[in-house]
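Just below is one structure, and these are the notes that go with it.
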């Protein structure tokens, strides 16, 4: 079904000079517009070299034209693509000429071509988002994973869960309808088993989706520890520039600093923080420590930096245990790696060891000695974790997929309703309306991933982040 009545046009290539410039037109008026511009309607799905005509019939440009009749096109509508020279002036001239050919043609909004593809059921909302994620990818792994999402890997896994949930809802509703007749549509134990399997699948999918979010947004690494432990030196060494001021004076860093790096195709967001201590009478230091706690609460991985002079100091252990306690209370199991810094002073051997279930890396941040070991450890650790958590959900040849926070929220809400349904089922030992209602709410939350039951303002916000011409 075609949801649009007007025709839209936009330059699809980036602004500026280039070898080729592309203009895309989509809508019902394309067959009417094409002869005015090209003297004919190009043969479907075949590249044709044609003159691009002005209003008086003179040739403005010679172009390659491609015509895709509805419904077999990206948007599901008639599409005409004009491939000409890549100068901005000539593209603007061609665009102005196109806008004069019909009264119902207008400039496309950002992401409108992709939105039309979604509205015309050519792609689902996850695939639409994957298109934007491919364009915006900041690492090789993110681009590859976004491509997997575009191919439908993520969508297929969710659709399977939705199908299972639909069948369970059908059994539940039927059992309720025939309860007065004492007709058992499906045994109670079978219902319980099916629900348990769905909950398990949703939880596995949540893990995989979480790592899909990390691949899209980047892994948040927070560097923390006591004042003057060498946190800023480590930050500078990891990001490759002297971004943070370093000094022997305790408490030099008062605010958080953020930088982005790539390690083996994975995006990392490195954050330097103010030092943590038991107490401080300095108001600025107090604000800095408050921000450090905020960063730690949102970290995907923590690097806890220790000054060699404080290794035997119990305050380091007390502060670290306090960090772990706070994170535990917030239901966060953030991995922590301990960094024994300043090996240039202690002459300790650079390397990796495991002590009391902590991974400990000895290095010299100031002299950038051993930081390559840390970088390799971080990238390998993240890759291993992603592969391990996704292994039960995806076959080896499928690979990872990209995901967004809203997908996580939908899975989390759906899981809560499923657990509520399970509680209802086990407590009453029967299939009732409350059980069926929880299943319906879980189904609705999962369906939001694909744009069903999704508010128009959210759809508008999603597509507004796209490029014009996409």
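The backbone N, Cα and C atoms fix where each Cβ goes, and this holds for glycine too.
Classification of residue 122 ((6S)-5-formyl-5,6,7,8-tetrahydrofolate binding site) by DSSP places it in coil, neither helical nor stranded. What Swiss-Prot lists as (6S)-5-formyl-5,6,7,8-tetrahydrofolate binding site is 24, 81, 122, 470, and the listing cites sequence analysis.
Mapped onto three states, the DSSP output places residue 232 (Mg(2+) binding site) in helix. What Swiss-Prot records for 228-233, 247-253, 272-275 is GTP binding site.
Sequence annotations record features per position, and here Swiss-Prot assigns K(+) binding site to 228, 247, 249, 252. Around the Cβ of residue 228 (GTP binding site), a 10 Å sphere holds 20 further Cβ atoms from the protein chains shown.
Annotated Mg(2+) binding site per Swiss-Prot: 232, 253, in sequence order.
Taken from Swiss-Prot, the feature domain 'TrmE-type G' applies to 218-383.
Neighbour counts of Cβ atoms within 10 Å were compared across the binding-site residues 24, 122, 231; the minimum falls on 122.
In the three-state DSSP reading, residue 81 ((6S)-5-formyl-5,6,7,8-tetrahydrofolate binding site) counts as strand. In the predicted model, the domain 'TrmE-type G' (218-383) has a mean pLDDT of 81. The shortest Cα-Cα distance between residue 232 (Mg(2+) binding site) and any of the binding-site residues 24, 81, 122, 274 is the one to 274.
When secondary structure is read from DSSP and collapsed to three states, residue 24 ((6S)-5-formyl-5,6,7,8-tetrahydrofolate binding site) falls in the strand class.
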